[in-house]
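Note sheet for the following structure.
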């Protein structure tokens with residue numbers, strides 16, 4: 001199945017290239033913003049789970065994989081191929097969370113036939129709000145002007161630049177807004193997941209997974225339950241430049257969750273999310289556009305149980 005799907009992916013890619021260069025001289029008509037908004041609303045309202053007829057409904061022990069997607073189609077192709085080759089992937093639900101509506105990306109996602117698939121669309125994107133908040137508003141202060149210059153211009157938030165003296169840039173703040181929206185959407189709103197109590201694994205479009213990542217994640221979950229009751233984050237990724245698979249492939253370590261080290265391929269369950277959700281004000285008001293640094297602030301300033309990570313020394317997400 002995996003190799004067949006990979007072959008199909010290559011064939012589809014080649015066919016799309018040949019059509020693009022077919023000499024017709026015609027490109028698909030670009031959708032208007034209103035059309036994009038209607039399509040997004042339709043997807044979000046329908047909540048269609050593809051391939052459920054093949055792989056059965058979501059159970060409480062189903063691992064939910066949530067992938068945050070922008071526009072990097074080539075990276076996404078590689079991630080999907082790696083997911084297709086993973087053992088037990090057919091037991092999962094993969095939620096693709098988009099902040100950009102694109103038919104080519106939709107076609108790729110909807111070609112996935114090795115697991116259950118659901119698409120959600122962040123409705124407050126720059127694409128759908130190009131000339132107003134949360135996109136770029138005409139009254140926004142330019143990023144690098146001084147507070148004195150901003151006061152003269154009387155631009156929005158002139159007296160409140162960020163910690164580093166900069167003003168809001170929509171393209172960066174969107175990532176943080178999208179992250180919180182998608183987590184809230186999965187845990188609190190989607191019919192298929194809002195009562196789910198198992199693990200939810202967060203990935204991004206430029207990640208890549210090892211074939212045994214699901215097996216390792218389940219081992220970590222069982223080990224944490226027995227040996228580390230304070231562990232509330234399971235992290236499969238690392239930013240280390242070198243590591244020894246021979247010595248470390250089956251080893252994990254327990255450490256306080258650090259945003260810059262443990263934000264790649266991490267999983268949590270509903271009880272942890274509910275504690276985060278109760279601290280939403282701390283996340284949203286923290287003066288940083290990085291979702292992981294904001295989550296670090298939540299852990300340090302609000303959570304009744306600070307984030308403690310079980311981290312694989314031999315990573316399974318790259």
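We count from 1, first residue shown onward.
From the backbone N, Cα and C atoms, a Cβ is placed for every residue, glycine too.
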Given that TrEMBL lists 68, 69, 70, 71, 72, 174, 175, 176, 177, 178 as binding substrate, which residue among 53, 88, 99 does it place in the same site?
99
Counting distance between Cα atoms, which of the recorded positions 155, 206, 228, 231, 279 is nearest residue 70 (substrate binding site)?
206
When the Cα-Cα distance from residue 72 (substrate binding site) is computed for each of the recorded positions 141, 155, 206, 228, 279, which gives the smallest value?
206
Binding residues 68, 69, 70, 71, 72, 99, 174, 175, 176, 177, 178 (substrate) - maximum C-alpha distance in whole Å:
19
Residue 302 (disulfide bond) versus binding-site residues 68, 174, 176, 178, 206 - nearest by Cα:
176
Chain-internal residues, separated by at least six, CB under 8 A from residue 231 (disulfide bond):
224, 254, 308, 309, 310
Residue 70 (substrate binding site) in three-state DSSP notation:
coil
